[in-house]
């Protein structure tokens with residue numbers, strides 16, 4: 001197990017370097033090859049030539065590529081200083097970039113918004129795991145029944161209906177119609193109940209989409225597992241059916257669910273753009289949308305970086321959990 | 001039908017419980033049917049037999065003859081954990097130690113599973129849960145039926161592993177199934193099924209998934225353990241060599257029914273059903289001088305949805321036209337006694353069969 005852990009951690013570290021290199025290439029190398037003036041896109045189109053030259057010098061765009069890569073890495077892990085003549089800006093580690101347009105470092109803005117997105121993603125994940133997996137298991141056990149068909153129809157609609165539809169619908173009904181919920185984001189530090197109230201609709205909306213997917217995969221996996229020989233063995237031992245399902249079948253059903261969870265959580269933590277926009281949550285997703293609208297490249301880069309990081313970490317956690325669940329994984 | 005007098009079987013309505021038999025295990029007119037889109041699959045269609053404690057019954061037949069369905073039926077595993085609308089239809093009676101299993105409370109039958117009757121499956125790799133250690137699985141099997149703490153159960157598990165010949169049982173108890181070899185896995189499976197000292201052990205193709213060299217060891221082990229525990233054993237196999245090794249009695253199944261049943265030496269040396277002849281002819285043997293080509297049973301097993309009318313074996317039987325009036329294709333033959341405790345279901349007269357066996361079949365084997 002320890003050897004597996006070390007192997008996974010090492011692989012994750014290598015992956016991290018690769019990911020940073022790829023992101024660097026996307027934002028600095030490819031535009032360069034395409035003949036785009038990177039400095040110009042970093043300051044914005046209306047900038048005067050002097051400030052463009054200043055940014056070019058600050059970013060070290062005239063330096064050789066390897067120096068730029070090195071500065072990029074150094075910024076992330078140790079911080080960097082952008083200087084052009086007397087104009088010096090320090091960006092402390094982890095430096096995910098500096099927006100010359102809004103004159104602020106990217107990282108603090110992202111960390112401000114990160115808790116909103118994290119809360120949204122985790123809360124929704126709890127909901128969709130509980131309801132999606134439960135519905136999937138029930139559907140599998142009552143295959144062909146009215147419940148099964150009903151649940152799968154709901155699941156199908158959940159998968160097909162876009163968030164800006166279900167989200168707006170839920171807002172219209174529960175917030176504006178029935179006035180049960182005040183749809184407004186309150187930071188958890190200010191008021192816990194206020195936070196809960198503001199998050200409940202986004203959670204449900206987001207969870208509905210994912211619960212539908214999880215119900216379907218749980219049902220399919222559970223049906224497959226129930227046909228396994230070792231389930232028959234468990235019954236032949238004289239185990240109660242609840243234990244056969246809840247312990248023997250469930251443990252095997254968890255593996256594909258975990259795999260999905262890792263990817264979904266990773267991607268969501270990078271910003272649930274649709275949900276955050278629909279419910280006006282000041283999270284990463286909203287920020288990235290703003291950044292795209294304002295062509296604020298450093299923020300886009302920062303969010304891409306943080307999303308990749310989140311996916312990387314989520315997958316690492318899943319890999320480790322995987323090994324905890326399935327002993328065969330530890331070998332290979 | 002069996003030697004159980006037909007008049008008695010006819011008098012008893014299915015709903016009225018017949019008197020408990022004196023045999024340890026008695027199966028009466030067992031039928032297991034599965035409804036499917038294509039029709040009703042009659043996997044087992046009227047099977048009866050008895051088995052005493054300390055004895056071994058070998059059930060032999062091709063794939064799809066109903067062997068495994070019978071064993072799962074005895075264990076009650078067709079009804080346990082059946083989800084969805086299509087349930088297996090089971091009728092008849094299964095008496096184990098004075099309890100009729102088909103009409104008994106399912107939870108009572110569940111408690112008997114693993115404790116009074118246990119099962120060894122064909123492929124131990126798929127029959128053991130890949131995520132739990134061997135020890136954990138044996139401990140679980142023991143603790144379902146014994147109110148003991150984990151430590152005691154673990155000791156018992158190690159004891160059982162040692163008994164079935166697994167080296168370093170105190171270490172291997174913490175291994176996972178994938179860390180065992182095929183033979184060792186089957187040993188572990190046997191240890192798990194015997195952990196509660198069951199009185200009935202059903203081994204469903206226990207050696208089919210194993211290397212030939214390991215097969216003999218496992219058969220020896222089953223035989224030794226049976227002597228030690230005095231349990232009744234049903235060995236289900238398509239391999240006559242396996243039953244020759246183990247069984248006291250042999251039951252030959254074809255198309256969901258018993259076509260011949262009797263003491264092993266009778267079925268081997270004086271078989272009275274053409275299907276049994278076919279099985280014997282297709283078995284490779286090392287004890288014969290002139291090894292000619294093996295003679296396969298021509299054709300393929302019958303569809304269990306459309307079982308041939310008359311004798312189910314008639315489309316494949318080289319002697320189907322021996323009895324007069326096309327009777328093999330119209331009338332289903334009943335089991336009739338052809339010797340002491342030896343029954344066969346064939347329309348040919350006993351003299352005819354005796355002649356064909358001694359003159360045509362036996363010399364070629």
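A Cβ is built for glycine as well, from the same backbone N, Cα and C atoms used for every other residue.
Look at TrEMBL and you will find A:114-322 tagged as domain 'ABC transmembrane type-1'.
As annotated by TrEMBL, transmembrane segment applies to A:9-30 (among others).
The transmembrane segment annotation in TrEMBL covers A:116-141 (among others).
Outside the transmembrane segment (A:153-174) by six or more residues, the chain places 135, 180-181, 183, 201-202, 204-206, 208-209, 211-213, 215-216, 274-275, 277-279 with a CB less than 8 A from a CB of the stretch. The feature transmembrane segment is assigned by TrEMBL to A:153-174 (among others).
Positions annotated as transmembrane segment by TrEMBL: A:194-215 (among others). For the transmembrane segment (A:194-215), same-chain residues at least 6 beyond its ends with a Cβ under 8 Å from one of its own Cβ atoms are 119-121, 123-125, 127-129, 131-133, 135-136, 139, 151-152, 154-159, 161, 163, 166-167, 170-171, 174-175, 181-188, 257, 260, 264, 268, 272, 275-276, 278-279, 281.
The transmembrane segment annotation in TrEMBL covers A:257-279 (among others). Long-range contacts of the transmembrane segment (A:257-279) within its own chain (CB-CB distance under 8 A, at least 6 residues past either end) are made by residues 116-118, 120-122, 124-125, 129, 133, 162-164, 167-168, 171, 183, 185, 198, 201-202, 205-206, 210, 213-214, 217-218, 221, 285-289, 303-304, 306-308, 310-315, 317-319, 321-322, 325.
Sequence-remote contacts of a segment are chain residues at least 6 beyond its ends whose Cβ falls under 8 Å from one of its Cβ atoms, and for the transmembrane segment (A:299-325) they are 1, 4-5, 8-9, 12, 15-16, 19-20, 23, 26-27, 76, 96-97, 99, 106-107, 109-110, 114, 251, 254-255, 258-259, 261-263, 265-267, 269-271, 284, 287-288, 290-292. Marked as transmembrane segment by TrEMBL: A:299-325 (among others).
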Cβ-Cβ under 8 Å with the transmembrane segment (A:116-141): same-chain residues at least 6 beyond its ends: 147-148, 151-152, 155, 185, 187-188, 195, 199, 202-204, 206-219, 221-223, 226, 245, 250, 253, 257, 261, 264-265, 268-272, 275-276, 281-285
